[in-house]
C-alpha cells in the first residue's frame, strides 16, 4: 500500500525537535495584544460604525437605553467572541490532526466533520424548513459527531490498529459518502443554495446563547490539548519512536480524536465550514516556532483567533450590507501565504 | 536457481493478474448488457438484441443508440480515465490519498464552468462546457506545476500537493462567492454538474474523449515500470538512473490529460480516482504493469454500475459512485491488515 508519510526527500536531514521558545513567547504575547486590539476594532466596525470610546464606555458603564450600547452588547461582542473562539478551535484542531497523523495536509474537514455537519443541515433544510438557529446548531454538531464517530470507529476496527493513514483514508471515504447524500438531498429538495450559504461561513447571526454553549467546550478542549502537547510532539516523530519512549499511543490518539471532534464540531456548527484556518495556521506556527507542539498548540490558538477576528472585520468592511462569506475571505488572505510556505517547503512537521 | 525462482514468482503473479483482469472484463460485459436493458423506460433483453441488429422500432432505436449507448460508453471511458489518473498520482506522489482533485482539476474546471454560467444563459450552450472545463483544468494544473517547480530540484511531490491544495482552496473560495450570486436555476445547474453528471446523450462527447485515452493510456501502460521505480523512493530511483523529473512530468501530464478530459464530459466525479486504484491494488498487488490496466477496468466497472443506477433514479452519477464506493472503501480499509503504518 502506498504510504502518505514517506514524503521525505533525500536532501533533507532526519526530523529533530527544533523549537524556538523565545519566538513562541514573543508570538504569544504580541499575538494576544494584537488580538485584543482587533477585538476592540471588530466591535467598533460594522454596518453602523461606533467609536472606540463608545465601545469602552459601553463596557464600563453599560446603558441599556443607548442603541449603540445595545448593538455592542447584543451583536458585536458575541460575534467577536465567537470569532476568536472558533478561530482558536479550528487552528488547534488542525494542529492536533497534523501532529497526530503526521500529514501536512490534514485539516478539520478530514475526519468528515464538515461533511457530517452538512448532511444533517441538508436534512434539516429539506424536511424541517424554518428551524430555529439554535436547533440547526445542535443538529449540525450531531452530524459532525456522527461522522467523526464513524470515521474513528471504522478506523479502530482495522486489524492491526488505528494508524494515521487509515484514519485519513476513513475520513475521506466518510466525507465523500456524507457529501454525496447531502448533495442528493439538496438537489432533490432544492435546498442547495441555502446549504451553500450556511457553508460559506459567517457570523452574522451569532447570539449569546450559542456563545455560551460552545465556550466551555472549546476552552476546555484547548487546555487539555496544551496539557497533552508533549505527547503530540512524540507522536509527530512517528508512532514507533513514541511507543519506544514508553508512550501509550492509543490513549493519546483517542483523546486527541475526541478533542478534534469537539473543537471542529462546535466551530463548524457556529460559523460553517471555514476549513482553511485549520490547514494554514499550524503551518504558520510550525514555521515560526519550530516543531515542538508545546509551543505550536498555544501559538496556533492565538494565531487562529487573530485570523478569524481580522477576517470577520474584513468581511464587514469589504461590503457592509451583503457580507462576503468568511470562508472565502480567509481563503483570499490565506492562499497566498500558504502558497509561499508551500513553495519554500522545508519539511518541518 | 534464484533467477528461476524469481521468474516463477513473477509468472504466478502475472497469471493471477491476467485472471483477475479477465474476470473484471467479463463483469463489465455483463453489467453492460444489463445496463442496456435498464433505464426509465425498460427494454427487454430480446428487444435490445433486436434493436442492436437493426430490427427495433424507431423509438427503441432512439433510446438505445441516441441516449443509452453513448452514455454507457462514456461512463466506461470516464471511469477508466479517472482511475488510471488516480493510480498514476498515487504512484508518483506515493500518497494513498492522491486523486485527480489534488491537481486542481475539479476546481479549475468548476470555476470556468461557474464563470461561464454566470454570464451566459444555461440552455443552448451546453456543448461549449466540456471545452471550457478542459481549458480550466489544464490551466489550473499548469499553474500548480509552475508554482511547484524549482529550477534545481524540479518538482517535489510534497510541494506539489501543498501547492495543489492552496490553489484549489483559492479557487473554491472564488467559486463560493460566485455561486452565491447565481440565480436558483443557474445554481442548480452548476450543482448538478459539479456533483458529476454525465452529459452523455451525444456521441460527439464520446468522440471528444476517445483520442485522449487512445494516446495516453498506452503511453502510461508502457511507462508503468517507471512508477514502480519511483515507489522505491527518490534516492533509490535516481540511483537507478531514472531521470526522475522528466518522468514525473510526463506522468503528471498524462494524469492531467486523462482526468481533465474526463471531468470535461462527466463533471467532477472524484471518488473513482481514489477508489479504483485501491480496489485494483487489492486485487492484483502493487506492480504498476498490472495495477494500471486493472485500475482502468475497476474504474470502468465502478462507473458503469453507478451510472446505471444514476439513470434509473435520475440523480448525478458522482453521487451514486460515492454512495456505492464509500462503504466498500471503508470495508476494504477495515479488512486489510494494518501493516502499512
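Glycine too: its Cβ is placed from the backbone N, Cα and C atoms.
Features reported for this protein in TrEMBL:
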TRANSMEM  B:17-36  transmembrane segment
TRANSMEM  B:72-89  transmembrane segment
TRANSMEM  B:101-120  transmembrane segment
TRANSMEM  B:126-149  transmembrane segment
TRANSMEM  B:161-183  transmembrane segment
TRANSMEM  B:203-222  transmembrane segment
TRANSMEM  B:249-275  transmembrane segment
TRANSMEM  B:287-305  transmembrane segment
TRANSMEM  B:312-334  transmembrane segment
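Only sequence-distant pairs (6 or more apart) were considered; of these, at least three Cβ pairs between the transmembrane segment (B:126-149) and the transmembrane segment (B:249-275) are under 8 A, so the stretches are in contact.
Listed as Cβ neighbours of the transmembrane segment (B:287-305) (distance under 8 Å, sequence separation of 6 or more from its ends, same chain) are residues 13-14, 17, 20-21, 24-25, 27-28, 31-32, 35, 72, 75-84, 86-88, 91, 217, 220-221, 224-225, 227-228, 269, 272-273, 275-277, 279-281, 317, 321, 324-325. Ranking B:17-36, B:161-183, B:249-275 by CB pairs under 8 A with the transmembrane segment (B:203-222) puts B:249-275 at the top. Three or more CB pairs closer than 8 A are found between the transmembrane segment (B:161-183) and the transmembrane segment (B:101-120), so contact between the two stretches is assigned (pairs 6 or more residues apart). Packing against the transmembrane segment (B:249-275) from elsewhere in the chain are residues 74-75, 77-79, 81-86, 88-89, 91-92, 97, 99-101, 103, 105-106, 109-110, 129-131, 133-134, 137-138, 141, 145, 155, 160, 192-200, 205, 208-209, 212-213, 216-217, 219-220, 223, 226-227, 299, 302-303, 316-318, 321-322, 325-326, 328-329: each is 6 or more residues past its ends and has a CB under 8 Å from a CB in it.
Here the transmembrane segment (B:72-89) has Cβ contacts under 8 Å with residues 28, 32, 35-36, 95, 98-100, 102-103, 198, 200, 205-206, 209-210, 212-213, 217, 220, 227, 251-252, 254-256, 258-259, 261-262, 265-266, 269-270, 272-274, 276-277, 280, 288, 291-292, 295-304, 306-308, 317 of the same chain, all six or more residues outside its ends. A Cβ distance under 8 Å defines the sequence-distant neighbours of the transmembrane segment (B:17-36), meaning residues of its chain 6+ beyond its ends; these are 43, 45, 48, 64, 68-69, 72, 76, 283-285, 287, 290, 293-294, 297-298, 300-301, 304-305, 307-308.
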